[in-house]
Amino acid sequence: MRRPSLLLKDILKCTLLVFGVWILYILKLNYTTEECDMKKMHYVDPDRVKRAQTYAQQVLQKECRPKFAKTSMALLFEHRYSVDLLPFVQKAPKDSEAESKYDPPFGFRKFSSKVQTLLELLPEHDLPEHLKAKTCRRCVVIGSGGILHGLELGHTLNQFDVVIRLNSAPVEGYSEHVGNKTTIRMTYPEGAPLSDLEYYSNDLFVAVLFKSVDFNWLQAMVKNETLPFWVRLFFWKQVAEKIPLQPKHFRILNPVIIKETAFDILQYSEPQSRFWGRDKNVPTIGVIAVVLATHLCDEVSLAGFGYDLSQPRTPLHYFDNQCMAAMNFQTMHNVTTETKFLLKLVKEGVVKDLSGGIDREF
């Protein structure tokens, strides 16, 4: 039985947590992010559009180099990058394995039984056979950056073997610029598209699990069940009620990929127990997807990446009116470190930047 003093301490923590969440909610209601007028979006030079399209086509026309991405990452980061890392979870972790060392999203400590339950619902745990059969795969990771708008790269992006899209970034209405082919939609519950139109029957839905209720949500989506109301209370925004895909199209991202990205490659500090908030050590879904792509494909390209904070009035995304200045208010991610990482990959030739948001090569 717990001592009364410890019980009171736990009650106080819970009370303060609820109060803090309530305050943040009130602040959110009263805070309006500055909006950018998409109709007045900065002018896109037609010559630059042509150069971007030509460059992207040249990337595809060159002979694909087997294992190039993995080999390059291993040379660049040495022992900090594992060439043998599986991209998706295939079995529940044992206590002695790397997955059990950390809590989500860096591992599955104390969640082994939930992982096992999910895996039993998923008939497949790897890339589909038609993709595995390719001797050399080209990936493109499509970010949400406003820089994509106007480049008209859609047709070229559709020609990649594997097209990875992030969170709720839409295809409908933007296919001219971002294409309409999706191989992988990688996201967490709050980031999943709410519209059925953003899911195609052969997509892979790759779930990134951050917290306990994320497991409940994914189980409900796979089983096509309604998520209980009390579970919904633990999400910080509305989540999808249904994902119109068959169980064979769901995958669970290997959390060791997030751990490798955060602690080994970006060299963030490991998580520390804190009463409030969390360390700024969680990579963005975009950077995690780039590292995932190096494990999945032989060659990797990027499109729609890059934050130009010197242009605060330019659109942050290609699909909404949020300004670049909004990045100054986010506290979860270390944008500066991630930008340096992506720039290093582009400069060293590990990945190609098709839209020129990281380092223009055209």
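Cβ coordinates come from backbone N, Cα and C, glycine included.
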(request) Consult Swiss-Prot and report which candidate among Cys136, Cys139 shares a disulfide bond with Cys297. (result) Cys139
(request) Restricting to the same chain and to sequence separations of six or more, state which residues have a Cβ under 8 Å from that of Asn224 (N-linked glycosylation site). (result) Lys242
(request) Kindly state the mean pLDDT of the topological domain 'Cytoplasmic' (1-5) in the predicted structure. (result) 50
(request) Do me a favour and check the Cα-Cα span between Cys139 (disulfide bond) and Asn180 (N-linked glycosylation site); whole Å is fine. (result) 15
(request) Could you state the whole-number distance in Å separating the C-alpha atoms of Cys297 (disulfide bond) and Asn180 (N-linked glycosylation site)? (result) 20
(request) Give the distance between the Cα atoms of Asn334 (N-linked glycosylation site) and Asn180 (N-linked glycosylation site), rounded to the nearest whole Å. (result) 30
